[in-house]
Amino acid sequence: MNLQDYFSLVFTDYTLRTITLGTAILGAVTGMLGSFAVLRKQSLLGDAISHAALPGIALAFLITGAKDTNTLLLGALVSGLIGTFWIRGIVTKTHLKSDTALGLILSLFFGFGMLLLTFIQKQPNANQAGLDKYLFGQAATLVESDVWLMAIITSICLIVMLLFWKEFKLLLFDADYTKTLGFNTKFIDVLITTFIVLAIVLGLQTVGVVLMSAMLLAPAAAARQWTNSLGKMVFLAAIFGAFSGVFGTAISASQDNLSTGPVIVIVASVFVVFSFIFSPGRGLLFRQIRFIKNRRDLELQKTLAFMYHIAETHEDISHPHTIKILNNFQGFTRKTLQKLVDKNYVTLDGAMWSLTEEGFETAANLYNQNFKKHE
Amino acid sequence: MDNMKNTHSNKETPASLSADEAGAGVVAVKVDDLTVAYNYKPVLWDIDLEIPEGVLMAIVGPNGAGKSTLIKAILGILKPIAGSVTIFGKPYHKQRSHVAYVPQKGSVDWDFPTVALDVVMMGTYGSLGWIKRPGAKEKKAALEALEKVGMLPFKNRQISQLSGGQQQRIFLARALVQDASIYFMDEPFQGVDATTEIAIINILKELRKAGKTVVVVHHDLQTVPEYFDWVTFLNVKKIATGPVKDIFNDDNLTKTYGINYKVSVQK
């Protein structure tokens, strides 16, 4: 199957449609909530949560013996939440910094989860196979009911986000101030964190424990490059996330043996790289262009200012001077001079230059410019 | 100062009190036996403090003296080990609408995706309460506050593209929007140029003229007599508090800063 086949089949083929919808919704909700995680500087929280969910999956299987997605994800949710609140507990109750707490919980829970997985594999039970798909995810196992669950949780998340938009923004920007205004910051914090845990748990089946945090971070990091408004950032992150899901599924479906989760994550990373380079405000490319342009302008201004100081000493501002004097103090200046002539600041006459009226005034105002900008 | 009456006052405070009159009037903030510790180290030790209504007060003291901590404990951001705080005779959580706070500029990430006007609007969130969105009325109030601090032309500017002084003015505008009776400010003059400093102190003096109480964590001892009418010396313990002209002297400065301090007090 090539990409074209995929896009002609996506609306008719049940499996393709289910997987595509699932990954799109997953991308949207993780992108949205990822914006909050990134702005709270809790980028690694997602990684810790997803790893912390693994023992929950294994324990849910051991206790119930069932292997349906909902039971296992419920287990993941519980152990993800426990991990998250332990992290918070460690940070508030000890001297440890949050990165230490995150790393500690991540490796502790993941290690325990792997231990349980190997234990399960050694059991004489035909039902045991397939739990390890939660490590890297397997989008092909998505069924319609999974997609419905995702859609419902995403809708709830969207409604809560719109309701508490003002409170979320306030807490993200200035937590102490939020407290003084009388808002219960703990409640808002728990609300945001719970939704992040939910979104991650939803994605475990598709993207897996190991790569899940990228779904949270990549769309948000890409979106931040394009806008200076929180609303637009969250919206863009959702769009980027959804497109990563769709494109990732399309590529993996058209290239037979590629597993979907990693492809989705790579597509999301392409969004990030593209945004880092090409976004007009914060992108590397335009920043470099602005830098070069500024340097050229400065060169011009420097020469003009130098000319001004010479011309100032004469009654007649257009008193001609030799180009040599410029070369002596300003380095090689033919190009700069030509630009000044083009701007009509300077006239050339053989080896002599002189300032025009316009050039003199521009030079005189060079120093005042900063003042004017401030007023 | 023991005979100060601890009475409640509503939002319409008696206008324009001079420092002396204010000292004899209503107590705006009363702190009793306040002790705060980080882990085992006491940061504030048994602080008793009464801030009379209508004063413009500086809190001075060396680094680590607990100046910011004092404000944060009064505002309930930090939990004290012991002690109580009342605002106009009632606990703080009942008096939030009377109190505005200007945090240290460095306490937030200015690269946050938002514009100046939006930050100032946050000052209205407290009176709006949960869920309710700011509307035209709140926007108007925010624009007026921006105008007051001379930042109206920058209302749609991304906050990371403002200078340090401009960011400080935005924070000040956010507090002005709260239309409170008591203002707590944590180093509002830190890292601002002379023009901004004058602009800010003029606004603070206007607030005092309107009968508001303003409490400022301040670092520049030279400007204390010029800017403030009331001062508190703090170094983990409270050293002294009172009118600047009575207690701002070398004796108290030496007690607070631990070295032989000589400041020529301008009168």
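Cβ coordinates come from backbone N, Cα and C, glycine included.
What TrEMBL lists as transmembrane segment is A:20-39 (among others).
Among the features that TrEMBL reports, transmembrane segment is placed at A:48-66 (among others).
If one looks beyond the transmembrane segment (A:72-89) by at least 6 residues along the same chain, the residues whose Cβ comes under 8 Å of a Cβ in the stretch are 45, 48-61, 63, 66, 98, 101-102, 105, 109, 131, 134, 193-194, 197-198, 200-202, 204-205. Residues or ranges marked as transmembrane segment by TrEMBL: A:72-89 (among others).
Sequence annotations record features per position, and here TrEMBL assigns transmembrane segment to A:101-120 (among others).
Feature annotation from TrEMBL assigns transmembrane segment to A:147-165 (among others).
Here TrEMBL flags A:186-204 (among others) as transmembrane segment.
The transmembrane segment annotation in TrEMBL covers A:233-251 (among others). Within the chain, the transmembrane segment (A:233-251) has long-range Cβ neighbours (under 8 A, six or more residues past its boundaries) at 3, 6-7, 10, 16, 19-20, 22-32, 34-36, 139, 161, 215, 218-220, 222-224, 226-227, 258, 260-261, 263-268, 271.
Here TrEMBL flags A:263-286 (among others) as transmembrane segment.
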Cβ-Cβ under 8 Å with the transmembrane segment (A:101-120): same-chain residues at least 6 beyond its ends:
44-45, 47-48, 51-59, 61-62, 79, 83, 86-87, 90-91, 128, 131-132, 209
Excluding the flanking five residues on each side, which residues at least 6 beyond the ends of the transmembrane segment (A:147-165) place their CB within less than 8 Å of a CB in that stretch?
18, 21-22, 25-26, 28-29, 32-33, 70, 188, 191, 195, 198-199, 202, 231, 234
Remote residues contacting the transmembrane segment (A:48-66) - C-beta distance under 8 A, at least 6 residues beyond either end:
72-80, 82-84, 87, 102-103, 105-107, 109-110, 112-114, 116-117, 119-120, 127, 131, 134-135, 196-197, 200-201, 203-204, 209-210, 212-213
